[in-house]
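Taken from Swiss-Prot as is:
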- Lys98, Asp101, Asp103, Asp106, Asp107: Ca(2+) binding site (BINDING)
- Cys25-Cys139: disulfide bond (DISULFID)
- Cys47-Cys130: disulfide bond (DISULFID)
- Cys80-Cys96: disulfide bond (DISULFID)
- Cys92-Cys110: disulfide bond (DISULFID)
- 20-142: domain 'C-type lysozyme' (DOMAIN)
- 1-19: signal peptide (SIGNAL)
Amino acid sequence: MMSFFPLLLVGILFPAVQAKQLTKCALSHELNDLAGYRDITLPEWLCIIFHISGYDTQAIVKNSDHKEYGLFQINDKDFCESSTTVQSRNICDISCDKLLDDDLTDDIMCVKKILDIKGIDYWLAHKPLCSDKLEQWYCEAQ
């Protein structure tokens, strides 16, 4: 029983890495570099991200032929490289795992590439949910 105690102590003191659940206003601050890029406003981004990942940096959605990763749900078929997709185009030249961390710098760089190639319609939530009536997506700090 004594040999189990140190393991238990380590488990308590160093919990597993958990998803960073951001708030709307915290995320608004993190997305300053993206605001206005390709004429997409910050409230539009906050709305899109809420609907696709719930502001969860470690969100992964499994589809029939690919997975989508992180806040922006970037797919491993075209934009990032994962161990589960055999032939990713990896346009963003990034591991999908990097899209699950709390550093959004590389995520935003990839998002800009996606916008340049596919436009905002890459995010299916935009048109039906986030293209107008965006009052609720403004943060008081904006």
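Any Cβ shown, glycine's included, is placed from N, Cα and C.
Among the binding-site residues Lys98, Asp101, Asp106, the ones whose Cα sits within 10 Å of the Cα of Cys80 (disulfide bond) are Lys98. Of the chain residues outside the Ca(2+) site list Lys98, Asp101, Asp103, Asp106, Asp107, Gly70, Ile94, Leu99, Leu100, Asp102, Leu104, Thr105 have their Cβ within 8 Å of the site's Cβ mean position. In terms of DSSP helix, strand and coil, the domain 'C-type lysozyme' (20-142) has 50 helix, 12 strand, 61 coil. Using a 10 angstroms CA-CA radius around Cys92 (disulfide bond), the binding-site residues that qualify from Lys98, Asp101, Asp103, Asp106 are Asp106.
Considering other CB atoms within 10 Å as the measure, the emptiest surroundings among the disulfide-bonded residues Cys80, Cys139 are those of Cys139.
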